Ligand SMILES: Nc1ncnc2c1ncn2[C@@H]1O[C@H](COP(=O)(O)OP(=O)(O)OP(=O)(O)O)[C@@H](O)[C@H]1O
Ligand SMILES: [Mg+2]
């Protein structure tokens, strides 16, 4: 693997990764409606995007869902990870292990369908949830995102020096205090990463949301999908460009913060 | 160190009927089928600095963790100051622990680490920080109070850990290899500091170590552990001079062991026929029967090496210096006897310009009868 | 000493502890119960509902399936369950083909992702520090942007008047546009593109752990770089290859969005069949049966393989 082959293969790989994204961005500034034929520079699609109530409304719904489910998933995932790493034996341990890891390998169509069927039969027997909408999407996203948070939290909890918790116990803190005073602050960076991952996964999800949402609660991916299905449309390019720009800025800020923290710490 | 008037005051274990401060009775700890600590009995007195010494994996940390309350004993009882600890969780025990890894909270400053235990006691913030500052002065870290643990050197971290464990004035301080992570020089300095602090505060210490020199320097008494059992408990001198088994004799310092049988017993003398040295004469010892298998143990420094045959002892042998090592304050020798047995001996170098005994010289080695320690196991 | 009584003395904990003591619940039980209940209700229970509905028949009603219990003429409760849906899945070749073709598509995509991902991971693992972090970030970056929009980007790329065809025609390499959209080829590209970071990251993690002294030892013993790669690097990176391949294969096999957007009408994938059965045919019982079969044939073996892998890592 030396000489020309490796650099060439790597260059090809990165072109493969970035060429579609770059062309997406370039054609978002295209005057022409024909997305792939250059008709001169223009920002008209951005204007059109900002006037599109459907897209703006669904983006707002998506953000709400992502925020709520990332937060809930972080709580549930962290508790699950904590229980599995710190309590050596309890009834149902094997079951919990399975339920926490299984969502990672579950095809989205199955998760979506089975949850919808659950909601429908719960509504029939218990009267709750009445219809489907924001609540059911949040529940569904929380459930599958919790698994991802749990994986991250679990690996951090395993690598954490357990004598830190013992030291706090030894100095007179009860179990609850130890969790909030020591465990939580120490694993906090991992939980932030888990929250961000859950937030992204929730924002990104189309399949599960399509199953469990109801009328009036379309998430952004659902709206994009229904538009894109009919063919390429330039305002979607504009939307993609905005999202990419947003992610880039976020990553740059995160990188800058991280370097600053490192410099301060060292 | 001031010399006490009556030895029994500072050495309560020598006094018949003294009440121990901590008593461990028949304590066993099993992990599944594996027995980490086996039927340990231990009595520790107030203000002692007790060292637990033993090889890696012999159960020292496990015993300590049972005292701190992190592990539940499989059987047996632990009482501290007359109180049974069986159902007392670690946060309510009158003990504090200094961890092998120090376990300093990485997200808190030095000051916050030290004050943490006081705040848990319900002390007011101002009082807690005042006492933490006082403790930090004692370990000479007052200047670093606002730093975080990752901005400290190994030695500084060690002192923060000590301060944090001591600030609550526990009845019992447990130290798991407190000096293990320090380099040799810092370690020796810190040993004396540790003794000074312990004497100032009068707190009872149990220190775990696998370094025998450290144990000898620090301890009022030492407990030597092997495979989860306590082999011998005694003052450093006792352990060194009168080990009760080959394991202890070999573990503390170095030793020459000679296997043999009790050959003759007279009121003022006893003879042991050894495989390595032939007959050896030594003072009689109680509890030995004729023909019993025993081991004679001699420390290297108890051998005298000379060019001419010594007259003052019946136990003399001839040999050749096979190896010699100069360490500065002393020299170590390996001497091959005519029957092929190798003897470890050492001599202190008191004079500078004496003509030292060296390689390939024919020498006499001798040992006083009283320098032999007879071991039965 | 008074030290330990902090727990009982601080007010908020005292109240909670008192309440829980009254109810006979320990804090430990409570902590276990939260994730256990949530996942039990919203992850495990749905599968029982799924199984139950797969035994029903479709109805044009709300809900669109027959109930499981029915009162017989004599008033006794009868269970109505039929394996009709499963029989249907077995007789109709569409479903069998969809399962098989899903496995094929996922497998082929995984192999391509490995072939493209391995050199990149290897290169990054060997790169000096600032370059290494930047390249790694560049691999992860697309993952943080929308998955749907990345698939959409390929639509603009592969269309008959898309970027690739336009470029090739203007360069005079081809006369007529190639048909790339709505083919299996487009689906492979979409899957490889979407899941490439999942292949690269575990490979990278594995390859950085590879001790460069091993490579030096191999060349010291006379192995050419080529031989060293195949006798040392590749075998040692096998765990990374397995982990990365799993991460691509697993989501690929149930994929819906990529075949729906990039594939043609004849691109059969089981996720897509399930979706259509549910949303287009509105046949909930058959969709449930498809899901159950998928669980048994696809998900269960994957979980079994993973548990073996985990055990091997621990043991
Ligand atoms: N939680 C546990 N589960 C199973 N075995 C354990 C556990 N903790 C300790 N052991 C075993 O018990 C034995 C004693 O361990 P311990 O930590 O007390 O040794 P130690 O004397 O402190 O050794 P070291 O000097 O290396 O610290 C070891 O063989 C260890 O493997
Ligand atoms: Mg230990």
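Placement of Cβ uses the backbone N, Cα and C atoms for every residue, glycine included.
In TrEMBL this protein carries:
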TRANSMEM  A:5-29  transmembrane segment
TRANSMEM  A:59-82  transmembrane segment
DOMAIN    A:59-254  domain 'ABC transmembrane type-1'
TRANSMEM  A:94-122  transmembrane segment
TRANSMEM  A:134-157  transmembrane segment
TRANSMEM  A:178-200  transmembrane segment
TRANSMEM  A:206-226  transmembrane segment
TRANSMEM  A:238-258  transmembrane segment
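Within its own chain, the transmembrane segment (A:94-122) is flanked in space by residues 77, 80-81, 83-84, 128-129, 132, 136, 139-140, 143-144, 146-148, 150-151, 205, 207-212, which lie at least six positions past its ends and keep a Cβ under 8 Å from the stretch. Here the transmembrane segment (A:206-226) sits against the transmembrane segment (A:59-82); at least 3 CB pairs are under 8 Å, leaving out pairs fewer than 6 apart in sequence.
Cβ atoms under 8 Å from those of the transmembrane segment (A:238-258) belong to residues 21, 24-25, 28, 45-46, 48-49, 55, 224 of the same chain, restricted to positions at least 6 beyond its ends.
Recorded stretches compared: A:5-29, A:59-82, A:178-200; the one with the most Cβ pairs under 8 Å to the transmembrane segment (A:134-157) is A:59-82.
Long-range neighbours of the transmembrane segment (A:178-200) within the same chain, counting only residues 6 or more positions beyond its ends whose Cβ lies under 8 Å from a Cβ of the stretch, are 66-67, 69-71, 73-74, 77-78, 82, 141, 145-146, 148-149, 152-153, 155-157, 160, 164-165, 167-169.
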